[in-house]
Amino acid sequence: MSTSPLDIETPDIGTTHIETKNWLMIIINCAFVAIGQVAGPLLMRLYYLHGGNRKWLASFTQSGGFPVLVFPIIFLFIQSKLSTRKNDEIPLSFWLEPKLFLSSAVIGILSGVGYFMYSLGLSYIPVSTSSLLYATQLCFIAFFSRLIVKQKFTAYIINAIVVMTLGSALLGINTDVDRPVGVSKAQYLLGFLLTLGTAMLAGLLMPLVQLAFSKAIRNINYASLLQFQFISSLFATTVCVIGMLVNKDFQAIPREANEFELGKAKYYIIIVVRAVICQFSVVGTIGVIVYASALFNGILASALVPVTGVAAVIFYHESFTGLKGTALVLCLWGFCSYFYGEYKMMKKMMKNKVTNIESPEETIDKVEHEPRRLDNHEEP
């Protein structure tokens with residue numbers, strides 16, 4: 001571990017459990033995720049409800065706020081330079097290494113596709129339904145984490161996967177009750193499948209982010225995280241801009257703003273505010289992955305589902321059917337099962353730490369399943 005420009009100890013990427021010294025960064029990034037996951041869908045739905053209809057523009061707002069990251073990156077760069085001069089040490093390279101740059105570019109392109117899928121899906125289904133569907137990313141994160149970063153499965157994780165998958169399947173039943181006015185049954189089904197596909201893609205990308213950082217040669221700090229997100233959002237935005245050009249969104253935006261039911265000024269305010277909120281939300285997502293794990297981030301997303309659903313009912317008076325309530329209960333059951341399993345595992349680890357006893361089987365299993373973390377001087 002090394003000290004970042006923020007004087008916060010950097011994480012050992014790929015570890016299964018959370019270290020106490022990383023809790024400050026985890027709490028900060030969890031707050032970013034919570035704000036984005038609750039406010040982001042509500043603002044997008046507000047855009048659609050009052051006359052907005054540009055799917056690529058809605059996708060653009062999910063990544064187009066990346067220029068705001070320039071300011072914290074510059075601040076950390078200056079702080080790093082001043083710290084280096086004060087300590088009279090050989091400075092480590094501040095900028096992102098080529099391997100991480102390439103990984104962020106690929107993840108950004110895939111994210112751009114996912115943003116469009118999510119935006120199109122949300123235009124056909126209610127926010128509460130979309131949030132519950134998107135919570136199934138936990139299942140996909142668990143599956144891909146096992147394949148990509150060798151995440152260990154426990155009975156509690158398996159239970160969470162099963163009940164949350166069942167919960168999402170219930171949302172596909174009796175679509176006539178939950179379908180918004182003016183949306184056909186075919187469109188509702190398309191929105192259902194697109195949102196589920198977005199959850200699957202997110203479930204793949206999050207373990208890939210964790211893997212990318214675990215293979216980094218240099219030590220990781222918060223500046224690395226922000227640069228990774230800046231590049232990823234740049235490529236995701238490029239995908240969205242290409243889609244907007246093909247769909248002629250730039251010519252349609254002034255006309256749509258003039259016809260927006262809440263007024264032209266609020267039209268642009270919604271777009272700008274959502275872009276900024278979504279950017280910090282994604283930064284928080286990567287932060288949670290880096291300082292904890294992809295699976296922990298999936299659990300956090302699932303934990304926020306009830307908050308988003310309740311907010312949608314309060315602000316947009318969306319119906320909360322019995323099937324949707326059952327799905328919500330299953331969702332709550334799923335992530336409670338995971339947290340209880342993590343609690344028992346951490347309690348066991350603390351007991352082993354106190355007694356300083358570790359069986360040969362546990363040692364072999366740890367070596368086989370924990371991704372290899374290189375230090376600054378080891379060859380990749």
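Here the Cβ of each residue, glycine as well, is placed from N, Cα and C on the backbone.
Any TrEMBL annotation is an automated prediction that lacks curation.
Annotation comment: TrEMBL describes 363-380 as compositional bias 'Basic and acidic residues'.
Annotation source TrEMBL lists region 'Disordered' at 361-380.
The annotation transmembrane segment is assigned in TrEMBL to 23-44 (among others). When Cβ-Cβ distances below 8 Å are used as the criterion, the transmembrane segment (23-44) is approached by residues 8, 11, 58, 61-62, 119, 122, 127, 130-131, 222, 270, 273-274, 277-278, 280-288, 291-292, 297, 300-301, 304, 307-308, 311-312, 315-316 of the same chain, each at least six residues removed from its ends.
With a threshold of 8 Å between CB atoms, the same-chain residues lying at least 6 positions outside the transmembrane segment (56-78) that come near it are 5-6, 40, 44, 47-48, 94, 108, 111-112, 115-116, 118-119, 122-123, 222-223, 226-227, 229-230, 232-234, 236-237, 240-241, 243-244, 247, 249, 253, 271-272, 274-280, 282-283. The annotation transmembrane segment is assigned in TrEMBL to 56-78 (among others).
Residues annotated as transmembrane segment in TrEMBL: 99-118 (among others).
The transmembrane segment annotation in TrEMBL covers 124-144 (among others).
Among the features that TrEMBL reports, transmembrane segment is placed at 156-174 (among others).
As annotated by TrEMBL, transmembrane segment applies to 186-213 (among others).
The transmembrane segment annotation in TrEMBL covers 225-247 (among others). Within the same chain, residues 54-57, 59-60, 62-66, 69-70, 72-73, 76, 95-96, 100-101, 103-105, 107-109, 111-113, 115-116, 209, 212-213, 279, 282-283, 286-287, 290 sit at least 6 positions outside the transmembrane segment (225-247) and bring their C-beta atoms closer than 8 Å to a C-beta of that stretch.
Annotated transmembrane segment per TrEMBL: 267-292 (among others), in sequence order. Within its own chain, the transmembrane segment (267-292) is flanked in space by residues 11, 13, 18, 22, 25-26, 28-37, 39-40, 43-44, 46-47, 52, 57, 60-66, 68-69, 206, 209-210, 213, 220, 222, 225-226, 228-229, 232-233, 256-257, 260, 300, which lie at least six positions past its ends and keep a Cβ under 8 Å from the stretch.
Marked as transmembrane segment by TrEMBL: 299-317 (among others).
Under the heading transmembrane segment, TrEMBL lists 323-341 (among others).
Across 124-144, 186-213, 299-317, 323-341, stretch 186-213 shows the highest tally of CB pairs under 8 A with the transmembrane segment (99-118). Within the chain carrying the transmembrane segment (124-144), a Cβ under 8 angstroms from the stretch's Cβ atoms is held by residues 37, 41-42, 45, 118, 151, 153, 157, 160-161, 164-165, 167-168, 171, 178-180, 183, 187-188, 190-192, 194-196, 198-200, 202-204, 206-208, 294-295, 297-299, 301-302, 304-305, 308-309, 311-313, 316, 318-320, 324, 327-328, 331, 334-335, 338, all 6 or more beyond its ends.
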